[in-house]
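*Asks:* Have a look at this one before I ask anything.
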């Protein structure tokens, strides 16, 4: 299906010779708002950048895999309590939150549907990158992202069937299983290679991890900026969706953390579950929206995945900044006070640096 972008608002006076305030090639005209077909140059640029960013993301996930140990990863699979808590957050909390926000703000049916689609999407790969920087459990992070992407093939239709009945026929929503499959492959293969490198050449894996983590952080920002540039013509959207796009990721992060803590997970795993809950696969949501709705409907909803993407990144960076400040100030002060006791236990207690691939933390697990 051809992608349509909302144009910027046009000045009716500049088209005085025409009977409409919109250009001749506009497919939809509503006052001074128009929907234009994507320009060939912009389409080419989008395809090229998409290919480059996908390749870079695969390389970043390879580097993230260099911090995953197969034994610990398999341990999460065999004793999937952390994965189960993440599952409840991903396909329990997020769809329900989307449903309640849509009701609370009384948005149009087609707008409620796009909010629900976002809530039913699996976790995105960006969560693995942020989890690294907040000293999260990388083995749990990767296993949760993989599991949620795999389970999305069954859970997304179920959640959409339950929550969208009052607004639309769930059969009208086209789920791109091929895109979900590609996302799964793009995650599993690079991470698996990274795990193998970590097993065979652990010293080289640490170097790759450092480079990849920095590249990943830059990549997240680049994706957000590129999305804003490519879809700059589609910023005409109701304020209600802006508010929902702000509240939704913040609620996901908060509720995910709280539920993980209630479930008895350690602090660094709570941070991991929080990030996996709030960071959604927004690219998948955009694909579903474009496949399922007409250009007239896209006018009302197309920008929401981009809005969510921006705010989920913004809040993730705030979490990262807050955590780093806490580590530098509070943990450092606590370490200085308890320094005599730590000297006695140095030989008997393995350091967190060895346990978690370079992360230094005073948390109990």
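Using the three backbone atoms N, Cα and C, a Cβ is placed for every residue, glycine included.
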*Asks:* With the ranges 141-163, 279-301 to choose from, which does TrEMBL describe as transmembrane segment?
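*Replies:* Within the set 141-163, 279-301, TrEMBL attaches transmembrane segment to 141-163.
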*Asks:* For the transmembrane segment entry in TrEMBL, name the matching range from 12-32, 306-326.
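*Replies:* Among 12-32, 306-326, the range TrEMBL annotates as transmembrane segment is 306-326.
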*Asks:* Out of 82-105, 141-163, 242-262, 306-326, which stretch touches the transmembrane segment (111-134) the most, going by CB pairs under 8 Å?
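*Replies:* Against the transmembrane segment (111-134), the leading stretch is 141-163.
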*Asks:* At a C-beta cut-off of under 8 Å, are there same-chain residues at least 6 beyond the transmembrane segment (242-262) that contact it? List them, or none.
*Replies:* 85-86, 88-89, 93-94, 97-98, 101-102, 105, 107, 115, 118-119, 269-280, 304, 307-308, 310-312, 315-316, 319
